[in-house]
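Undergrad: This is the structure I have questions about; it appears just below.
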Amino acid sequence: MIKQLFTSLVVGLTLSVSAPLYAADLSDVNEIVNQANLAAYYQGADGRSEARMLIEDSQGRQQQRQFTILRRDHEDGGDQQFLVAFSRPADVRGTVFLVEKHAGTDDDRWLYLPGLDLVKRISAGDKRTSFVGSNYFYEDVSGRNPEEDNHQLLETTAEFYVLDNTPKDPGSVEFSHYRVWIDKVSMLPMKIEYYDTSDKLYRRVEVLATEQVQGFPTVTKSRVSDLVSGASTTMEFRFIRYDLGMDSSVFTERSLRNPPRQWLKRPE
Amino acid sequence: MLQTTLVNLSMNRPRWVFFGVLLLTVIAGLQIPSIKVDTDPENMLPADNAARVFHDHVKERFGLHDMIVVGVVNDSAGGIYNQQSLSELQQLSDAIVQMDGVVSQDLMSLDRVDNISQEGPGTIRFEWMMKQVPTDQAGIDQIRTSVERLPLLNNTLVSGDGKAAGIYIPITQKSESYRISGLIQTEISKLSGNNQYYISGLPVAEDTFGVEMFIQMAISAPLAGLMIFILMWVFFRSFLLITAPMLVAMGSVIITMGLLIGQGYTVHIMSSMIPIFLMPIAVVDSVHILSEFADRYRPGEDPKVALKEVLGHLFTPMLYTSVTSAVGFASLAFTPIPPVQIFGLHVAFGIMLAFVLTITLVPAYIISLSPKRMAQMKDHNIDEDDNSFLGRLLIFTGRFSIARAKGLLVLFVLIVVGSAYGVAQIQINDNPVRWFKPDHPLRVADRVMNHHFPGTYNAFLVLDKTGDLRSGLEQSLQTRAAKEGVELQQKLDSVTAESFIEYTNALINLFDQLSYDDSDHETLWLDLLDMTEKAQINSKYFLTPDAMTYLDGLQTFLDDSEYVGKSNGLPTLLKTVYRELQGGAADQYRLPSTAAAAAQTVLSFQGSHRPNDLWHMVTPDYRSTVLWLQLSSGDNQDMNRVLKLVDGYVADHPLPEGVKLNWAGLTYINVVWQDEMVNGMLNSLMGAFFMVLLIMILLFRSVKIGLLSMLPLTVTILFIYGLIGLSGKDYDMPIAVLSALTLGLSVDFAIHFLERTRAIYRECGSWEQTVAEVYKGPSRAISRNAVVVAIGFTPLLFAPLVPYITVGFFLATIMAVSAVVTVMLLPAVMEMIKDKDSLFGVKPGIKESIHD
């Protein structure tokens, strides 16, 4: 999920050097997009990680958010379930987001606010809204459906596939196109740059660190920069585990009020 | 002696004088192109002024910017809620967002804000209010319903009557607003609909004023020069004669402005009037010299002899009139307003410079004339006939003043009493938008916008929670750690963060990690973590029900008052989001009941497109919050009323413990500097009065005549300010500055009048004869000078900017009134004084020597 958004520098590179078994360059843009989507959002059958988010405004003032993310795939590249449980700041502890991601249609989203003892369904409407006040969008967290854009392979460098992506429905998004650098080895998108309608670069998503976790190249640190305001959000992932064997019952409305402690607690 | 040295130099070395003056003028002139205009009223306060520092700090802490407000108005029945109007609005806002200098992410417009709404039971929806303009009227009506549901948007983005929409454009630099408003105007002209567009906002007013002021300077100053030239030609009918005063005037103006600009000072509203002030003052003395020289010089004689005589005769009165005028202006240095200080000191310098140029350049000019030209000069009858209109009028005035002395005195006493009453009626008020004429587009926009909206003037009410949080927390953490024998100090010292929230976040991360790494003390670290988290929650004061309830009460009180159009603040946001979370019913429009509920309400809001709008209302540590008040009037009086309202509320409802209340915003800043100005002006007026009195006593070496010379200006100042009070004209910035000027200028007439009266009396010893003489020569010179100066200021009356008109009108009035008071009141008062010998210091056997 969030962490797998993008890829690696150190680990990914050493891997690529030590294992000269990578195949010839891909030339089918849809194949590249497909693989990148899987690498970024669908590693393992399920996964958990603890995220610490540092939101820094243009004046350098910082806010922190800490939450645990659980994910379970229905099928690779298809529907997914997410549960995001907040632990900090302490006054929002127990706040939970539940997302049923549908590859074909709008997602279902629920929110639980313990202070109001309130479960609320959130209309999917627009997924490009802020994720809890950070510079990440909901869509950055749960993944943008590749079907929503037209993709074009611009170039293939020694390390990256560089793609340009244009929305099929420009009215539904705030960008006119975005460019992605996909690591040729891990197939993780390492950098995404968004351009506005006057073709000015205004937003950047980048991977700052990756690790191999249980054999999966995994993003452990990433950042979104708002190039207009100068604000940015850095997210670190720790205590990452894949293939825990979570079943679908973890991701029900019942879990909003009664979070699944078994999976939320830190693995030994 | 200085006088002799200067006069000899200029008569013997006229070329040196010409060359020297020319050189100075060229050097000064070269500075002028680097002129920097500054019309920012904030600069009326020194950069380190407490209110200004606070204002800047508030802007920074809350990410607030100065704003241009574009009004989109459609007066048809449906208002702006039709497809065409909204499409134009969107087209315009799309264009504005792309402009350099616009803080695009904070721009507020219907198409750039979020709608929070209910989508079926239990479902909340965040979406753009108007991502695209709906193609059907139903969709458009839905937008209207949505806007009217959201208190933060209703009556701010669209007026309550639906006829006007606002685009709020934050800009990075106030000084960019004229340029940006020009670009916006260009975009507006590309639109082809039935909307009217209005550009308003204090920054535009201020910046536009700067640009128009520049144009004004370029027109008015040369025009004033031309007026004076024409007027002197009417009086003297000799270009030859009036060339010299014009040279003195131009030299003084160019060197003074060059000096001001060369020192790196910005040209403020007042400083832009320096040329217009200096020109009339500068020509007056040269006129005296030329008049007298033309009288005394006989063709064929050595002009130097006549010139020496004239200068010997005029040097002292010219010096003193210059010094007193300069003192009047220099007294402005006592006001705590930097631009006024700079203005006063430079005009003072200019006046003294004009004096020096008069006694050097004019003699040099005369000496350089060929005998043939000199003879031509004589052909013009400079001294008017006693039978001229002015001559006859003055002779009549003289007789009248003496004959009706008692009656006149009674009349003047009545005028003084009436004026004193008028002064008591003075309304202290100002508003930079009113610096434009009523038909100026900015004034029109101001009227229209404030008609539809609750207000386009901003004031910010800031509440800060104070108190040291850190040491209390550190102490309890150490006490807890000590129980288990763990030394914490080193670990605490390793955490460095400015704000408490960042400090506690760092501690929380530290304890979290330690609880993992140091499992022996896991309980301790988890306890410390818990304590720190509690301290952090408690530190977020402006989420607590107590704080929000107080703020909400204050907002309700302000919204109900007639001077505050609308207030926006954190309670507004909390109540709105809370209502939508609770299903959207009107009775759910209330504050969350706990701090945690408030924090989660905020977190929900942060899932919108514009989460950062929150930080314009509260700082990320929740220790400071700001209420944005929309005022429909930018008048300082109205802002003062709001200040009083809040003071009253706080007196009845004391602020929670440790909470401090302060103000920020341009409308408030204007009030601050005006208060400083009014007090400062009183000081400078009093200071100047006593300085001038002292100079008068020294000049005349007589306390009685010294006091007498202050009489006309005292009556004049009282009269002028009484008139302002009675006419209901606001006492604003230009009026305030006038007081000191009046003093410096109107004493000139008294000096000339008393000086000549005493001299004539000492020669002839007869009061009747003295009066008759005085009303021929000196009175005529005074009247003529009054006319020259007064008319010299008249180009200001045609200025498009109100402060210039005000200054022009009142200066002309001051000249006229003080001339009349001088020639009527002084003789009447002297008539009433029985012992004329004692008054004029005539002692048997002592020869008069003042003019030697």
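From the backbone N, Cα and C atoms, a Cβ is placed for every residue, glycine too.
As the structure is a computational prediction, the values presented were derived from the model and not from experiment.
Pulled these from TrEMBL:
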type	residues	note
DOMAIN	B:239-368	domain 'SSD'
TRANSMEM	B:213-234	transmembrane segment
TRANSMEM	B:239-261	transmembrane segment
TRANSMEM	B:267-290	transmembrane segment
TRANSMEM	B:310-334	transmembrane segment
TRANSMEM	B:340-367	transmembrane segment
TRANSMEM	B:407-424	transmembrane segment
TRANSMEM	B:680-700	transmembrane segment
TRANSMEM	B:707-727	transmembrane segment
TRANSMEM	B:733-754	transmembrane segment
TRANSMEM	B:786-803	transmembrane segment
TRANSMEM	B:809-829	transmembrane segment
Undergrad: Using a Cβ cut-off under 8 Å, which residues of the same chain at least 6 positions beyond either end of the transmembrane segment (B:809-829) come close to it?
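TA: Non-local partners: 394, 397-398, 400-402, 404-405, 408-409, 412, 708, 711-713, 715-716, 719-720, 723, 735, 738, 741-742, 745-746, 749-750, 753-754, 757, 771, 774-775, 779, 782-783, 786-787, 789-791, 793-794, 796-797.
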Undergrad: What stretch of B:239-261, B:267-290, B:340-367, B:407-424 shows the most Cβ pairs under 8 Å to the transmembrane segment (B:707-727)?
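TA: Answer is B:407-424, with the largest number of Cβ pairs below 8 Å.
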Undergrad: When only pairs 6 or more apart in sequence are counted, do the transmembrane segment (B:733-754) and the transmembrane segment (B:239-261) reach 3 or more Cβ pairs under 8 Å?
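TA: Not in contact, no.
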Undergrad: Between 0 and 100, where does the mean pLDDT of the domain 'SSD' (B:239-368) sit?
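TA: The answer is 86, the mean pLDDT of the model over that range.
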Undergrad: In the domain 'SSD' (B:239-368), how many residues does DSSP assign to helix, to strand and to coil?
TA: 113 helix, 1 strand, 16 coil
